[in-house]
Amino acid sequence: MGRSPCCEKAHMNKGAWTKEEDQRLIDYIRNHGEGSWRSLPKSVGLLRCGKSCRLRWINYLRPDLKRGNFTDGEEQIIVKLHSLFGNKWSLIAGKLPGRTDNEIKNYWNTHIKRKLLNRGIDPKTHGSIIEPKTTSFHPRNEDLKSTFPGSVKLKMETSCENCASTSGTTTDEDLRLSVDCDYRYDHLDKELNLDLTLGYSPTRFVGVGSCY
């Protein structure tokens, strides 16, 4: 069998508290102390739920409540306690005399959370927020040049060395190798879209057994 409700809600006032109701609640708690919230409304003569009386006292009427803005010291305590307890506002309020759990929760959501985000701190984990790394696209020819500097030059020079005749005499084979060297040079230029005029000039057969 479940727990019975603390009051008959059909006959309860649900609007704003009046000054007379506040004073009745204050006088009763001063004389009898806090507690027994379920039976309190009937004892005081209030058409209010026991939970409503408790929240009214804790959040608005108790004499030790602090009014006004949170101090820097209180804010630091809230941040530290939140890193330990998370959103357990009642535990945090227990360490801050005069502040209510509802008041602390509202201040966290409207002020502190935004401040932490502006400082690059995750309000949930209290760790640094890591920005995702962005990847940029590089064309294939630029990627080759940056990854293997000088590789294009090495390929050119190797091709030219193969053009040189070991006999020292211009032969049909020399001419064929020279044409082949020019073809590979131009073909590599088109493939990588490189400007070969920067530092290198197109290969031409100039002298006997030489390729420049």
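Including glycine, each Cβ sits where the backbone N, Cα and C put it.
Pulled from Swiss-Prot:
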type: DNA_BIND; residues: 37-61; note: DNA-binding region
type: DNA_BIND; residues: 89-112; note: DNA-binding region
type: DOMAIN; residues: 9-61; note: domain 'HTH myb-type 1'
type: DOMAIN; residues: 62-116; note: domain 'HTH myb-type 2'
For the DNA-binding region (37-61), jot down how many residues DSSP puts in helix, in strand and in coil. 17 helix, 0 strand, 8 coil
For the domain 'HTH myb-type 2' (62-116), provide the mean pLDDT of the predicted model. 95
Would you mind splitting the DNA-binding region (89-112) into helix, strand and coil residue counts from DSSP? 18 helix, 0 strand, 6 coil
